[in-house]
Amino acid sequence: MSTRIRPKVLMAGTAVLALVLAGCGGGDSAGTSAGTGGLKGDPIKLGSILTITNPAWSNGSVKTVNEAWAAHINGDLGGIGGRPVVVESCDDHGDPAKTSQCLNNLIDSGVVALVNNSSLAFGANALPAMEKAGIVNIGGWPVTADEYRSPYNFPATPGAAGSYPGLAVYFAATGAKKLAVAYSNTPSGQLVGQALKKQWETLGGTGYFMTEFDAAAADFTPTISKIASERPDAVILAVGEGAAPRMFQAVKNTGLAAKVGVSSTAGTQKVFQAAGDAAEGILYAFASVPADYDSEDARTYRDVLKKYAPGLDLTGQTAVAASSMQYAYDTLSAVKGELTKESVLATLQEGKPWKGLLTHGTDPKNAPAEMPQVTNPYMLILEYRNGSFVPATIQDPGNLSQYIDIQGDLAWIAGNPPKS
Amino acid sequence: MAVLQFALLGLGLGGAYALLALGLVTIYRGTGVLNFSQGAVAMICAYVFFALRDGLRLSTAGAALLAAAFAVVLGLAFYLLVMRQLRNSPVLARIIATLALLLLLQGLAMLLFDVQTRTPVSVVPATPVDLLGIAIPMDRLILAGVAVVLAVALSLVSRRTRIGLAVRAISDSEKGASLSGLSPVLIGALTWAVGFVLAAVAGVMLSPIAGLDAKALTLLVVPVFAAALIARFTSFGVAVAAGLGLGMVESALQLVTDAEGAWYTWLWTGPGRSQALPALVVIIAMIFSGRLLPARGEVVRGRLPISPPPRYRVAGPIIALAAGLAFIFSVRPSWLSAGVVTLAGVMIALSAVLVTGFIGQISLAQVAFAGTGGMLTALLSSAGLPFLLVLPLSGLVAALLGLLAGLPSLRVRGPSLALVTLSAAYICQVAVFSDGRLLGGQGYNRVASPALFGLELGGTGFAVVTLVIVIVTGSLVAALRVSTFGRRALAVRENEAAAAAAGIDIKRFKLAAFTLSAFVAGVGGSLLGYQANVFAFERFTIFESLHVIAMAYIGGIGMVSGALFAGLGASGGLFSQLLATWGADSYQLVIAGGALLLAVQLHPDGMAATLHTIRERRGRRSSPAPAAAPPDDGKDRSAPAEPSVPVK
């Protein structure tokens, strides 16, 4: 070999060796949960892909709940079959490349399932790879259409797009005839607009208007003014936490008189502080009961998080996260034989209903036609008034009462009537 | 609602564009640099202001003074430490330096401040006022007013003060101004400081309207450039008028750009149609006017990095194949995926080497071509077409788009062409890739698993196939460089007039370059789609385009090895995976931005070019031979040392 080529070969070889050593070695960048509760067995590894460092949406609280509930499972419930549960969370920054990277690294680290996936980028970018790897996701907050259809995704609540059908039913049941919808300018957002249009016609609505917005737009006033010019009776804003304050302010500034509904992801203290009185009267679709609700589930929820995550602000998102972790625990505990990704999938595919925690129970027989993986399409509609949430009532739902399931003093509303 | 009323609603948008454009124009007038980081500077100054006012509870005036001081220091530091050193560097190096600052500032904002979008309380009243029957928040009107007042003030300073005249003198003839005793360095420092203060004003006023986060204002780059371009980067008044106008028209267009419509209305109905307007304005204005960036009388003519003939054209591919196979068969699946992403990144960067490195056309649309390939891959693979057919077909469709995108290159060059291609990429991003209707009724974007001769390719198999494709493409690009095509390409790159006089059909050459490079990028996008089994439309943004060109430049955009460096730095590639393994991925932007800033100064022609220069010097020292023919490396050794007539 010529002397000129040797240094280049050496350099290439060194670079490859370095990458191979890094690639073969262990170590992961994800945060792992502490608190194995003194359990000695091989840990059961679960992964969680979360968007945390992103302007539009932060699920740092979900990561906290993952770790806290794992500590509760290990410390108070004895783990699963005597083995501690460990949740490795990965922040994908809402970035398509990073979300795939998170998934690949979690798979490499040997997780038997994902739990609580709550990511802006996952559904559109890494879901096919998750399916190809044969790994399921339990619970979480689905965002894209594919997450609602994937046979490997098992949300216990309706998630983002799944919230809006329930809101539409509420508006129809309270007399609205014309509905306006604003959604983000993404393919998933467009599907939300189209799906709601079909649903509104089914519900007997006589007018429908939809428009898109760019979440990064410098000013939402033109979009909201366009909606206001249509004079709708009700408006659904498919907006996240990041853009919600400016949307609410635009609603207030334009004097839009219609009732406005959003999903619970926009129901956080940050939004209320930023929006000020512009958040008054906004309707929220929650997948879970309020944190201060008087029930055994809610008490368990409050106690666990007080013990393992004191100081955590309890929101709709933390409630769904706790519910998802409990769903994962109940599912994994029901697995017969060795706990592998295949046995977890098989257990979930049995399609047994789950009673829920803080949420309505699941009913696999009554999944919505366009969201076959959502076996709990029920939401609670709450209105934000004077710093707290109050239930939004329906005086007389008429022929829409089939969409409503009254449990105690709670009126759970689904976006589709039950099949049975 | 009347069109006029709707247009008035766009004053907020327009005010944002106008304020940011003022800073752009100021900096260009003083130093001839297109500052891609103007939005990022606005963002970081806004963070500083609101941290001082809301966090430390300073008064608004006190916070404003300190934020302005911060902007001045940042502007001076950036000019004196970075841009001044790059005065003799290729024009692309100066653009990339501003990109590096953008990345660095975004990374710092994410590390130092809460990255989630905040909506701070406005510094001016925001109660709605009734104007022609509609309610407009007062702060939008004040914003527009401030932009107008600043434009008037800057125009007066420019015409009536010695400093203003000095800036104009430097712009017309730097050498002449120097001979008159004016210091270009002083003027440069001043204009960057003023430009950054204008960005600070924009950031503070805009954040309550647009939201404050690490990305918000940086994403306005295309509309802001459109406004500055209409003003020819010269007139403050026209920049503000253009900014306000663009915002108002964009708002008024919402009356006609509905969310849905029959297929024959898709041109104006659907996502992103009104946002695409500023980009369309840029393209049309450039094509019809031919030139909107005024010539500058710089002492040193802008040039492109060197492009030496490739060495190791046989050994290189063999080493790459051996190293690649060793890697593929020994690493864990997560690293294998990162490796495939790197290889796809190399393909996209090779397309940049072709069109920019060899032919000298600064194209910022390479990732858009890749996205086109990815989109076609999703459609064709869903229709059941096999992998071996989908790959070239996707490349072909991307090539058609490349041919279209290459048309403006017949009229404009250099930074002007960069802006046109960036605008084309922006249109693809906002109005094409995110339009679910183009992916079938369900907006379905899945890509079937690749198969060869009926056998599904697993992760390892696909990686091997990708490696072979990339090595073959790299070899072909290297072979092109030393072919007649390559020599003619360099001739076109160095002096189009001389090349035309020598009988080269410049138009056909440029179009061929764009077409070929788009084909290569399209195949790269297709490979990315097969790797992820999905068309991830959010991967093909203008910022990814800028990232690719920056990384390719640092590696050496005139050389195949430059593409390798760009691939390593691709989002989701090997470097990113390494950072994730070390738990340092939250520092990625800061590391990338800082490294780019250093690299662009230490290696203004690219790292591979620096190695080539070192090798040349060693070769000359070890064997001093009689004077030989000048090496075929793309350097313009015939250029005189004296300043020449500014080239278009």
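Positions of Cβ are set from backbone N, Cα and C atoms, glycine also.
Here TrEMBL flags B:6-25 (among others) as transmembrane segment.
Residues or ranges marked as transmembrane segment in TrEMBL: B:58-82 (among others).
Away from its own ends, the transmembrane segment (B:91-113) comes close to residues 33-37, 39-41, 43-44, 47, 51, 78, 82-83, 213-215, 218, 302-305, 356, 362, 414-415, 418, 546-547, 549-550, 553-554, 557, 586-594, 596-597, 600-601, 604 of its chain (Cβ-Cβ under 8 Å, at least six residues beyond either end). TrEMBL lists B:91-113 (among others) with the feature transmembrane segment.
Residues or ranges marked as transmembrane segment in TrEMBL: B:141-158 (among others). Nonlocal intrachain contacts for the transmembrane segment (B:141-158), taken as residues 6+ away from its ends with a CB within less than 8 angstroms of a stretch CB, comprise 11-12, 14-16, 18-19, 22, 26, 29, 124-125, 129, 131, 164-165, 167-168, 198, 201, 205-206, 209, 235-237, 239-240, 243-244.
Under the heading transmembrane segment, TrEMBL lists B:179-206 (among others). Long-range contacts of the transmembrane segment (B:179-206) within the same chain: residues 15-16, 19-20, 22-24, 26-27, 29-31, 35, 38-39, 41-46, 49-50, 64, 67-68, 70-72, 74-76, 78-80, 83-84, 123-124, 139, 142-143, 146, 150, 163, 166-167, 169-170, 217, each at least 6 residues beyond the stretch ends and with a Cβ under 8 Å from a Cβ of the stretch.
Summarising the annotation, TrEMBL assigns transmembrane segment to B:276-293 (among others).
Per TrEMBL, the feature transmembrane segment maps to B:314-331 (among others).
Feature annotation from TrEMBL assigns transmembrane segment to B:337-355 (among others). Counting residues 6+ beyond its ends, the transmembrane segment (B:337-355) has Cβ neighbours under 8 Å at 324, 327-328, 331, 361, 363, 366-367, 369-370, 459, 462-463, 466-467, 469-470, 473-474, 477, 480, 513-514, 516-521, 523-525, 527-528, 531, 548-549, 551-552, 555, 557-560, 562-574, 576-577 in the same chain.
If you look up TrEMBL, you'll see B:417-439 (among others) marked as transmembrane segment.
Summarising the annotation, TrEMBL assigns transmembrane segment to B:459-480 (among others).
What TrEMBL lists as transmembrane segment is B:511-530 (among others).
Annotation comment: TrEMBL describes B:550-570 (among others) as transmembrane segment.
Annotated region 'Disordered' per TrEMBL: B:615-648, in sequence order.
Of the two recorded stretches, the transmembrane segment (B:459-480) does not lie close to the transmembrane segment (B:58-82), with fewer than three CB pairs under 8 Å once pairs fewer than 6 apart in sequence are set aside. Distant neighbours of the transmembrane segment (B:550-570): 92-93, 96, 99-100, 304-308, 310, 316, 341-350, 352-353, 356-358, 474, 477-478, 481, 576, 592, 596, 599-600, 603, 605-609, 612, 634; these residues of the same chain sit at least 6 beyond its ends, with a Cβ under 8 Å from one of its Cβ atoms.
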